[in-house]
Amino acid sequence: MIFNSSKYITYSFPESLLPNDASPEWNNKADNAWQLTAATLVGLQSVPGLVILYGSMVKKKWAVNSAFMGLYAFSAVLVCWVLWAHEMAFGNKLLPFVGKPSFALNEKFLLSKASTTYYLPMADFVFYQFAFAAITLVLLAGSLLGRMNFYAWMLFVPMWLTLSYTVGAFTIWGNGFLEGKIIDYAGGFVIHLSSGVAGFTAAYWVGPRSSNDRKNFPPNNIIHMLGGAGFLWMGWTGFNGGASFQVGEITSLAIFNTHLCTATSILVWLSLDMLVYKKGSLIGSVQGMITGLVCITPGAGLVDPWAAILMGALSGSIPWYTMMVLHKRSSFFQSVDDTLGVFHTHAVAGILGGILSGVFAKPNLLKMLYGPKTSYGPGLFYSYFDGNVSQGIKQMLYQLLGAFFITLWNVVITSLVCIIVSLIMDLRMQEEDLEVGDDAAHGEEAYVLWGDGEKRSLPLRIHINSPTIISISHQRHSIPINKVDG
């Protein structure tokens, strides 16, 4: 209804905008549509993104096992999430750091308004947060590829989700004792720091790959690896773009900053590789891509683009140093076999992003996202210009507290989970199975090629009269049939 001088003019909204039984008055169709899209993008980061990335980035004999660990974790987390874990992460408080376990299956619950500030159904929120939880476990798996007993992994996933992930999510995002204090826009601490620390800790308990694999572990398909990395990068549009749970300016800024930081990080990592090793590395560039994505995550919608560029420069250099220099010099890092370097790409980059978010979080963006009475911030950088440095320092201390809590909790709980699982079964595959790989673990191989993990006796020669061809055949198959060519 529009008021015009002395009379009212009635105007009818299009029928598609009117509320009905399927779309209540509180449901914002644009927010709803985007949130479902964002959740799907996050899901695609895991399946097929990380599944392809892992299956291609490891040695050929571990391609199936590595991909399968990601697929299993994704499916197992969803079932656990709706049966008890979602409410432990976002439900009613049981303890200062965890909620009461309960179902997230009731139609009335799932179709209700997500919160007072989110104009979409709770089902959107549950599914989006599941995708976050699932990718955390899949990322963690990157530290354990090439030797973990798959059956032990099947137990590890629900236990770690229940005892570790839900606590971090509830404490920082839910109704825990650090909620409203730590700036973690989309999971720099909750997802990436926890997966990096937990992966490194679990790698310690599981033990290393076989000595042959530690010395020689080439990727079996770099081009496919790049395809998986592409799913990961583009999927981050939903990862950071969906964290505001609305279609607005914060969403647009978060997506823009995400890709800007990532591109900068790749270029810096590549430059360092070329400067030090005289060659650009595609695998290295993928690592730089990941560190850029991780670093911007806790502040994606809360920092200016110039800060995103600076964060990209630091995420392309500091994790590069810890992975390419410090890791090789440190006996501590050498003693733990973190297969894909998840500690560096996620723990180091996650802490870096969390600290930098505490520095560069802009006051007006914090208020835009969290409301005018927000308890967050300001970032240390802006607090100096606002004459409120004490508040900026306070925020930085909270950021450090969050990093300390997530790190300590994951070290302790991951160790506990590994110890419990080890009492039931071996965490690590048997040594003879480690030499075979996928065929021993699953009876399957990624490529139908002769001689890699093959245990059965096969006829090696075709009887042909030509002596020249026989001679060539003899050279081709001179390797003993039971030898494993990893």
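Using the three backbone atoms N, Cα and C, a Cβ is placed for every residue, glycine included.
Where the annotation comes from TrEMBL, it is an automatic prediction and has not been curated.
Since we're looking at a predicted model, the values are computed, not measured.
Annotation source TrEMBL lists domain 'Ammonium transporter AmtB-like' at 33-447.
Residues 63-64, 66-67, 69-71, 73-74, 120, 124-125, 127-128, 130-132, 134-135, 138-139, 141-142, 145, 224-225, 227-229, 231-232, 234-239, 241-242, 245-247, 251, 340, 446 of the same chain, all 6+ positions outside the transmembrane segment (33-55), place their C-beta atoms under 8 angstroms from a C-beta of that stretch. Taken from TrEMBL, the feature transmembrane segment covers 33-55 (among others).
Sequence-distant contacts of the transmembrane segment (62-84), counting only residues of its own chain at least 6 positions beyond either end whose CB sits under 8 Å from a CB of the stretch, comprise 43, 46-47, 50-52, 54-56, 101-105, 126, 129-130, 133-134, 137-138, 141, 144-146, 148, 150, 153-154, 157-158, 161-162, 213, 220, 437-438, 441-442, 444-447. The transmembrane segment annotation in TrEMBL covers 62-84 (among others).
For 125-145 (among others), the entry in TrEMBL reads transmembrane segment. Here the transmembrane segment (125-145) has Cβ contacts under 8 Å with residues 35-36, 38-39, 42-43, 45-46, 50-51, 54, 58, 62, 65-66, 69-70, 73-74, 77-78, 81-82, 85-86, 89-90, 104, 110, 114-115, 118, 153, 157, 160-161, 165, 169, 187, 190-192, 194-196, 198-200, 202-203, 206, 242, 245, 338-340, 342-343, 346 of the same chain, all six or more residues outside its ends.
Remote same-chain residues near the transmembrane segment (152-173) are listed as 69, 72-73, 76-77, 80-81, 84-85, 88-90, 96-99, 129, 132-133, 136-137, 140-141, 144, 179, 182, 184, 189-190, 194, 198, 202, 206, 402, 405-406, 409-410, 413-414, 416-418, 420-422, 424-427 (criterion: CB distance under 8 Å, separation of at least six residues from the stretch ends). Look at TrEMBL and you will find 152-173 (among others) tagged as transmembrane segment.
The transmembrane segment annotation in TrEMBL covers 185-207 (among others).
Annotated transmembrane segment per TrEMBL: 219-238 (among others), in sequence order.
Long-range neighbours of the transmembrane segment (250-270) within the same chain, counting only residues 6 or more positions beyond its ends whose Cβ lies under 8 Å from a Cβ of the stretch, are 34, 185-186, 233, 236-237, 239-244, 280-281, 284-285, 287-289, 291-293, 295-297, 299-303, 305, 308-309, 311-313, 315-317, 320, 365, 368-369. Residues or ranges marked as transmembrane segment by TrEMBL: 250-270 (among others).
The annotation transmembrane segment is assigned in TrEMBL to 282-300 (among others).
Summarising the annotation, TrEMBL assigns transmembrane segment to 306-327 (among others).
According to TrEMBL, the feature transmembrane segment maps to 339-361 (among others).
If one looks beyond the transmembrane segment (400-424) by at least 6 residues along the same chain, the residues whose Cβ comes under 8 Å of a Cβ in the stretch are 152, 155-156, 159-160, 163-164, 167-168, 171-172, 178, 181-182, 184, 189-190, 193-194, 197-198, 201-202, 205-206, 347, 351, 354-355. According to TrEMBL, the feature transmembrane segment maps to 400-424 (among others).
Listed by sequence, the residues of this chain that lie at least six past the ends of the transmembrane segment (282-300) yet keep a Cβ under 8 A from its Cβ atoms are 57, 183-189, 191-192, 219, 222, 225-226, 229, 232-233, 236, 239-240, 243, 253-255, 257-258, 261-270, 273, 307-308, 311-312, 314-316, 319-320, 323, 341, 344-346, 348-350, 352-354, 356-357, 360-361. Outside the transmembrane segment (339-361), and at least 6 residues removed from its termini, the chain residues within Cβ reach (under 8 Å) are 54, 57-58, 139-140, 142-146, 182-185, 188-189, 191-193, 195-197, 199-200, 203, 209, 217, 287, 290-292, 294-299, 302-304, 307, 310-311, 314-315, 318-319, 322-323, 327, 333, 376-382, 395-396, 398-400, 402-403, 407. In this model, the domain 'Ammonium transporter AmtB-like' (33-447) carries an average pLDDT of 96.
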